[in-house]
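Some features that Swiss-Prot has for this protein:
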- SER16: phosphoserine (MOD_RES)
- SER172: phosphoserine (MOD_RES)
- LYS257: N6-acetyllysine (MOD_RES)
- TYR278: phosphotyrosine (MOD_RES)
- HIS473, HIS477, HIS480: Zn(2+) binding site (BINDING)
- GLU474: active site (ACT_SITE)
- LYS538: N6-acetyllysine (MOD_RES)
Amino acid sequence: MKPPAACAGDVVDAASPASTVNHLRWDLSAQQIRALTTQLIEQTKCVYDRVGAQNFEDVSYESTLKALADVEVTYTVQRNILDFPQHVSPCKDIRAASTEADKKLSEFDVEMSMRQDVYQRVVWLQEKTPKNSLKPEAARYLERLIKLGRRNGLHLPQDTQEKIKNIKKRLSLLCIDFNKNLNEDTTFLPFTREELGGLPEDFLSSLEKAEDGKLKVTLKYPHYFPLLKKCHVPETRRLLEEAFNCRCKEENCAILKELVSLRAQKSSLLGFHTHADYVLEMNMAKTSQTVATFLDELAQKLKPLGEQERAVILELKEAECAKRGLPFDGRIHAWDMRYYMNQVEETRYRVDQNLLKEYFPMQVVTRGLLAIYQELLGLTFTLEEGAAAWHEDVRLYSVRDAASGEEIGKFYLDLYPREGKYGHAACFGLQPGCLRQDGSRQLAVAAMVANFTKPTPDAPSLLQHDEVETYFHEFGHVMHQLCSQAEFAMFSGTHVERDFVEAPSQMLENWVWEKEPLMRMSQHYRTGSEAPQDLLEKLIKSRQANAGLFNLRQIVLAKVDQVLHTQTDADPAEEYARLCQEILGVPATPGTNMPATFGHLAGGYDAQYYGYLWSEVYSMDMFHTRFKQEGVLSPKVGMDYRTSILRPGGSEDASAMLKQFLGRDPKQDAFLLSKGLQVEGSEAPAC
């Protein structure tokens, strides 16, 4: 990559007019990452300097708004090339260089967001531009820049701005370190085969051996969740649950306390009562009081269900203790929850998770999932053989509109765990689908990163049903990234209100609870036979199993997040323990500190974890109102969905998109019914 001449608005190899170009590259050395980071900062700053130095009479749409939009497109792509490898590179040196690049670029982002000279010229542009002379999305972009400027305090005295800038820089570094600590955690616990009683042979044979011959169980998802669900040795579950919720306890506890304190300081300087109120101003909920009411009302409705489910679990535990000759203490512990919730599915609903996963080999699930998405959204996916990526396991697909044949994007699938890799499942937007400087459309590129069970020499990767659900969910985010047709990078893909962003992908989770889609993505890994009808019917009926406890736990996490961002002196571990007891009725394990492992708190979901439940109101309404009524695999409804919900990206308000797709304002009825709750009369409007 050669640097462009002088201070051109296009940064590093961005002048190609071909809209089907993937500008991403994954072959950079640590040294190149460092050099290109410096270069990117210099070239981008050059554009901001030019905009900020203009005489006010020279300020125009082209010289100001378009210049900022163009540099945002190219900066975003180059930044992702430099900071994405920290999550996925197999090489520790490159991960470290990428993390450092992210820190430098985050500091730079803060500097550019605090450019009062640029802000003044944007405000001037709005004042001198006749109303309705800009296209709607350009006007929205102009308004958003001014709103963001005010939210950064650019209308406040210089000394206040300086304080805000320093806090923002520190916050960026702390967030990066918080999640890096979790990603780089290599803790494992050694157990004998007897201590792992109840786990299937394919799981045991996939474990590495320690020097003393014991089996290594890591704290990564493909080890942690199966063990907590299936291991019938309570002490093993206790040790693992305790270790899992003590990850990075010391270092992340200190980071979290500083994060919460600094966020409160910054919000106060900006005139907000709490950090939650600052964050929520940009969301559908608007205020922390609205969120508190939503969570409290839902918790009240779910509590009776939770009590019934806890009683069932205690019965199961008493029977299990008698069967295995173990003392029964009459209590449910944190390490009991997943084990007995799994037993509820297996005993009350007769769902055998070990048998079920034999029908979900990765290749079959992937083939079925991709076919369903193509059919539903009018798309065609093609595997790009031998495409360059960051690891040999990664696959790259090209996506075309089925009707026109036009390429609209590409996506990477990186599905298996590796040391140092991002530990959860997520979609990363890597190249925004938007207009480039020359007016051509830039190809959207996204990556789905997950940690599903790896194949072994004896068996392919077999997915638990909840992993199939996760796959559908995250791939829904990928489709949002690729199907959006915004003009500005700021509104591309999933750049919607944070308490709506989960709705499009949550809605698509419904397909893994419907018989026809399940038939299409299941097949026995050895015999090739289709999944028995009764097995799938039992699975579908089990959807509401444990709905009370599962959703009460989501409320606990959402409330911890809200408490930390409304009461600055709250102790995270104490608040989590209090809420677990009050809402879930199951105590947190003494000595653990779950919030120190809660990546969302430092991953852009601060004061916004409630959004998972809030957006489910919309996802359930969309599914039941349109797809369930008109056909779960209806290409017509699928295309309406692509057009009304995915295509705008963030270029319209979520409420307007929902009204367009539903034909009315959203309601909570479908959401409450999906939780096993009764809807009394006519339910109040959504949220």
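A Cβ is built for glycine as well, from the same backbone N, Cα and C atoms used for every other residue.
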Close in space but at least six residues away in sequence, with Cβ under 8 Å from that of LYS257 (N6-acetyllysine), the same-chain residues are PRO572
Cβ proximity for SER172 (phosphoserine), under 8 A, sequence spacing 6+, ordered by residue number, returns LYS103, SER106, GLU107, ASP109, VAL110
The sparsest Cβ environment within 10 Å, among the recorded positions HIS477, HIS480, LYS538, is found at LYS538
Students should find that the Cα atoms of the residue listed as 'active site' and HIS480 (Zn(2+) binding site) sit apart, in Å rounded to an integer, by 10
Given the Zn(2+) site HIS473, HIS477, HIS480, its other Cβ neighbours within 8 Å of the Cβ centroid, in chain order, are CYS427, GLU474, PHE475, GLY476, VAL478, MET479, GLN481, THR494, GLU502, PRO504, SER505, LEU508
Within the same chain, the residues at least 6 apart in sequence whose Cβ is under 8 angstroms from that of TYR278 (phosphotyrosine) are ARG151, ARG263, LYS266, SER267, LEU270, PHE272
All chains considered, the count of other Cβ atoms within 10 Å of the Cβ of HIS473 (Zn(2+) binding site) is 19
Nearest to LYS538 (N6-acetyllysine) by C-alpha distance, among the binding-site residues HIS473, HIS477, HIS480, is HIS473
Across every protein chain in view, the count of C-beta atoms other than its own within 10 A of the C-beta of GLU474 (active site) is 21
